[in-house]
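Listed in Swiss-Prot:
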BINDING   15, 16, 17, 126, 169, 197, 299  UDP-N-acetyl-alpha-D-glucosamine binding site
């Protein structure tokens, strides 16, 4: 006798911020015996190797933004082509439910599912609902949120909102209970700096200049791990080598970033939803520099969730100067109690079972069809 095993189609834009929580959900669904397929865009090739999907469907996608009318029109045409691809995929896969994690690449498959009367679940990772999710919210059966308070949820959709938290990667969960490192006098001070592909440039410009301004006794204790763009790497390393630091490691990418976070006394980073959720999961204090220029200021809202509970400092990029950063580093490193209190505060915001909560919600929705 053939046993029917339901399939869930997970939709996520091909960047880590969308794909990592989608991947965590996929593992949780598979643990429940639910099959998973992934719909995404062409950018996914470099980071989808570990995604537990029995099939990956690449959908044409574009973002209809910018000032150019021709560019926006071209994006709409591309999205239309993606809708046709998505509709064929949804009919062929016949999913019990479709889950979207935001970004314009999710619009064609989510919209196709809604028009074909397949139940859809949205997951909004940020503290401000993105435009793609806002567009899809009206037709979604359930809207799951990564943060308790989320701005921009359409008024008619608020009754369908459920706070699940942001699904956490297994690599982060594996180090989530690592004790905060000792801050004994004269012990190493471990600083981790990263910013993603769009954020590493400002970190490479500001952080070295700030470290130069630290007292020599702090510099001698400082063990620095920093993400730097390939074009900035040599200059950044050479600059640090002349400062007499206790240790320096710079690289364009760290595969073991969760472990690096767990080893750090302090993190300086952007404030994407995954970063903020992982800082809370591991319990590490941070200086956060939200990515400027976003229309909805989602990273500023994300950073505020930790700043408001004393787990982080949020500094706008316009105020993120060497003098300001140096002053904050001295203040924190010379008052270790502030760091330990911030680390404890961060853990009060964590939801380690967010992937399981979301998987239960998806399974319940799929079973109701």
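Glycine is no exception: its Cβ is also placed from the backbone N, Cα and C atoms.
Structure with Swiss-Prot features highlighted.
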residue : record                                        : Cβ neighbours (10 Å)
15      : UDP-N-acetyl-alpha-D-glucosamine binding site : 19
16      : UDP-N-acetyl-alpha-D-glucosamine binding site : 18
17      : UDP-N-acetyl-alpha-D-glucosamine binding site : 18
126     : UDP-N-acetyl-alpha-D-glucosamine binding site : 29
169     : UDP-N-acetyl-alpha-D-glucosamine binding site : 21
299     : UDP-N-acetyl-alpha-D-glucosamine binding site : 27
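According to DSSP, residue 17 (UDP-N-acetyl-alpha-D-glucosamine binding site) is assigned to a helical segment. In three-state terms derived from DSSP, residue 126 (UDP-N-acetyl-alpha-D-glucosamine binding site) belongs to neither a helical nor a strand segment and is classed as coil. In the three-state DSSP assignment, the secondary structure recorded for residue 299 (UDP-N-acetyl-alpha-D-glucosamine binding site) is helix.
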